[in-house]
Amino acid sequence: MASAAGEEPALTSPALASTNLTPMVVGGKTVPPQPRAGFRVLPYLQKPAATEMTINWFTELGTDAEITVTGPGLPAAGASATIEGVQNPVNAYQEAELSLGDFDNGRGLVVPQGEWIRADEPFKYTHTVTGLTAGADYTYRVVVDGYAHDAGFSASPSFGEGFTEPLHIIAYSDSETDPKGRVTQREWEQTAGLAAGSEPRPQQGSAWDTTFGGGVRNGTYAVNYMLTEDQAMKLNNEIIAEQEPDLLLLAGDLVERGSSQSHWDEFFRYFAGDNGHLLDSVPLITSLGNHEVYGYGTADDRSLVVRSRMEYNQYFDTFGSSNPHALDAYHRVDYGPVTVISVDSTNGSPDSTEATTSAAEGSVGDDSTLTPEQYGTDTQGVFTLEEYERDFHVAIDEGWIGADAEPDQPSFHPGSEQYVWFEEQLKDASSKGQSIVVQWHHVAYSNGVHGTTMGNDFSDTQPGTPMRVLTPLLEQYGVSTVISGHDEMFEASYVDEAGDGTGIWHWDVGVASDGLRGEKMVQLPDGSYEPYRFNTASDWMAHLDEPELWATGADGVQQLVSGGKHYGHLDIWIEPYTGAALSSGVTPAATMTMTPVAVFPTLDANYELLSVERREMVSGQRVTYLDAQGAVMDANAAAVPAPTPTPTPTASAEPTTSPEPTTPAVDGSAASDSTTDAATSASSTDSLADTGTPVNVVGMLGLALVAMAAGGGLFLWRRRANA
């Protein structure tokens, strides 16, 4: 759209500036600046559908805004509307936020007090445009205070028409944004092993350690990752934006502290602000994580938990559920042949803590003999539902929500409102031939620090195992994959309790921009540590399957050449199947190809960041076949080719220009014998069919090389097709 006379680009809005270089601090407290003109948060997309789309944005002045949407089915001049901004006191800064001092990492990165504080209590604008044509492209313009933002989106494909076009979804979790992330470089545990030919990893006192720092974790010194959390979020989103996905999933822990307005400011800085605006063209589907019910406050006052949920509800609009008092806790989106269901995993019932677990919930060792009673009932042992309901009145008293509101904190166990709603949605989507993707925060199957139960000998206070109570429903209704986070590892687990070959992939994709943890380690009597490896369903972990390769170049500087745990995301392509019938004689309707992607940093000789590149971790690629009804097909029906032996590569003395790292998480704190699946291309050719279940192959390295040789052309085609 052409700019009207006198209109300025939205990116030049004074209110959009997320850094205040002249903060005013009086008596140790930052004074929020006066409201400024233009956009505080750029337009971002919510509630995608075939016939409608919701667009939200924020300003500081509260001036009326104009929006015009143009495209098929709308008036020739566009559908225009004047939108009023509305304030909500939940968006005000708290005393504790305004009293925070400088952020200093001790290695030269400093953010002075108050640089991240903006005008108080911004105004929210929301507009739902209707009358869209399924699958059509639209452009829109929003103008406020003389600043204009232009963007575009595509309406969802038609519901119930099957797999006719490729669909691209990107998923991650645990962004946990926080102004302190501007100076925070996380500790980075070494992968379980180093690649053949690798030099030892940089140690304490090395040039790497001097530059980035480090610390002791599990009895071993680990150097820090080379990117700050701030850099990681910005660069991760830049790579995602280049891929132009249809949908973006964020499975909880969006911010570090859900009750802090400055942490939400930081979130939108990357997603709809001056550090990126991915969401003006890609709809975001979220679920709540434990950090969206944090800070916790005290047992006598849980109003901060209430405030956290109210902040989340203020920013995100969903189709909700049949239980309106639950607000945006759990919800469903139908996007063409795919249904995405988001579940709230933040509190189970009955409430439980490590101290109150019963003897019947006790377990020793891994989960191979774990019973449903031993899963536990609660995913956090801090606050109780009774405490939340007791203090919910604060939301009404403070004007964060209407006077007729009821407590919105749900449970997920059988018999609960959310469970009943969830089963209804699964049944409905399955009956209509939809491929079902589910997301919730607390990963149910994990080798990470939160992988064990509250009753285990090596227990955890924030376990994901209680979510396993939903596994029978997932299998009954043919769910293809579950997206989670929480353990911040990058792990894939294959769960097929029925043993019928139509199992479910559970992904921990908590690598958006916070921690980069390794697996759970336990201390032995002699003081040493070993991996616990509780999760026998684990099929792939970056920690195990992406060994680091270090080498020193001609300049005498040691660099990471390949491998390692990095920030990144899961790339999901759902594409019509065009290959031959499987060995069973049945021809799939589509494939779902899930590929973990690393954001791999390249450093110069002074360890300054040069660039990042998108690296597909082929060792972790997994493929599921879908029938015409969207259901997962029997994986054992797929033909698995024998891999061609390939010479093992050796390390080059000269590092490539791309390195990969790892960082454990601050808020938290094993792999199984199952073999790695044959990574295959999603071009859906039968000669490269992946079974979707663990298959014996000739070793990870040979397998990865076969997959790269077979799938490289596919990845290039995808980029071209998506350009």
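Backbone N, Cα and C atoms are what each Cβ position is placed from, and that goes for glycine too.
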Which listed span TrEMBL calls region 'Disordered', if the choices are 112-131, 192-211, 412-431, 552-571: 192-211
Helix, strand and coil residues within the region 'Disordered' (192-211) as assigned by DSSP: 5 helix, 1 strand, 14 coil
Per-residue pLDDT averaged over the domain 'Calcineurin-like phosphoesterase' (232-323), given as an integer: 98
Beyond the flanks of the region 'Disordered' (192-211) by at least 6 residues, Cβ under 8 Å: 107, 221, 223, 226, 518-519, 531, 543-544, 547-552, 557-558, 562-563, 607, 648, 650-651, 671
Structural state census, the region 'Disordered' (344-375) (DSSP three-state): 13 helix, 1 strand, 18 coil
